[in-house]
Amino acid sequence: MLKRLANRQNGFASFSCSSVGLRYGRTNPSTKRSFSLFQSVADTFLTVHEASHIPWIVLVPLTTMTLRTLVTLPFSIWQRRRILKQQELRKLVQPITPIIKLRLAAVTNKKSRNAARISSNGSFMPLQLQNAGVLTPEQITLLAVKETRKRQKKLFKKYNVPLWKNALLPMVQIPLWVTVSMGIRTLTETQLIESFYPSWFSALGFSSFDLSSPLVAMPLLAPILVGTLAVLNVELNGRLMFSSSLSSQGIKTISRNSTRVQEAMTSILNVSRLGCVVMLAMSSQAPFLLSLYWISSQLFSLVQNIILNWIYPYQR
């Protein structure tokens, strides 16, 4: 009886120790299967850091540049060249719209004259009841736009530049950004102090700051850099969006802020600006290592957009 009671107490003690170990020690992969990808990213960072002895403040930007160059840069170049091809094809389709409008207007005028002649010889009837084929100017514009889009879609498919492929870059870039961010966040759940600093960096007085917490010595440094680079990216992309809407098609028109395209692009820019404010607030409370990844990613995007706009400009 005493032996059975002792075995039961030993089993309870071993269970308590194992539960404490799972809580405060290394995370058991079986307990968080849905976040195993983030843990793998954190373990990869830790393995590379211990094997190469590269400081964290160098390893994270270097990894960012490598991933963006190998993964997202080819998609960005591919998308930029595809958009340029789409713009060239739009120039071919654009003259179709006024031609279709003229044809529909001519048919409508002919039918309306016939209807007016019948009403003058006989009893008066409303135009809508006399001839259902008479189109209003709004209907003519709508039919012309639909026909133009139909021909544009066929032309894009013929040259293998459909519009749905423009969503491939966000589908690759956003999951990559989220995965690396959450992996670094998992890495900084415990205290992370750099031990491989070079001598010149130690002389600046930053040889022992905690990378898993915000930068206490200069708390506004990371938010200012993240916010500034994010705003520059948004405004640069916005300028390219507005400048390439009609002028890239070789058509000079007066700016109309009331059009649906202009309103949609303005809404996208406003949401992006709001996202910059959110990132600025998050970086003020995020670990410095995570803010460093955001800074390097935004900087890479800014330089990439400037270079691509110089090599493959939207306006020709």
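Placed from the backbone N, Cα and C atoms, the Cβ positions cover glycine too.
What Swiss-Prot records for 164-184, 214-234, 275-295 is transmembrane segment, and it gives sequence analysis as the kind of evidence. Summarising the annotation, Swiss-Prot assigns topological domain 'Mitochondrial matrix' to 185-213, 296-316 and lists a curator's inference as the type of evidence. Here Swiss-Prot flags 235-274 as topological domain 'Mitochondrial intermembrane', drawing on a curator's inference.
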Under an 8 Å Cβ to Cβ limit, what residues of the same chain, 6 or more beyond the ends of the topological domain 'Mitochondrial matrix' (296-316), are close to it?
60-61, 64-65, 68, 73, 76-77, 80-81, 83-84, 87, 177, 226, 229-230, 232-233, 236-237, 240, 243-244, 247-248
Where does the mean pLDDT land for the topological domain 'Mitochondrial matrix' (296-316)?
88
Do you know the DSSP helix, strand and coil residue counts for the topological domain 'Mitochondrial matrix' (296-316)?
16 helix, 0 strand, 5 coil
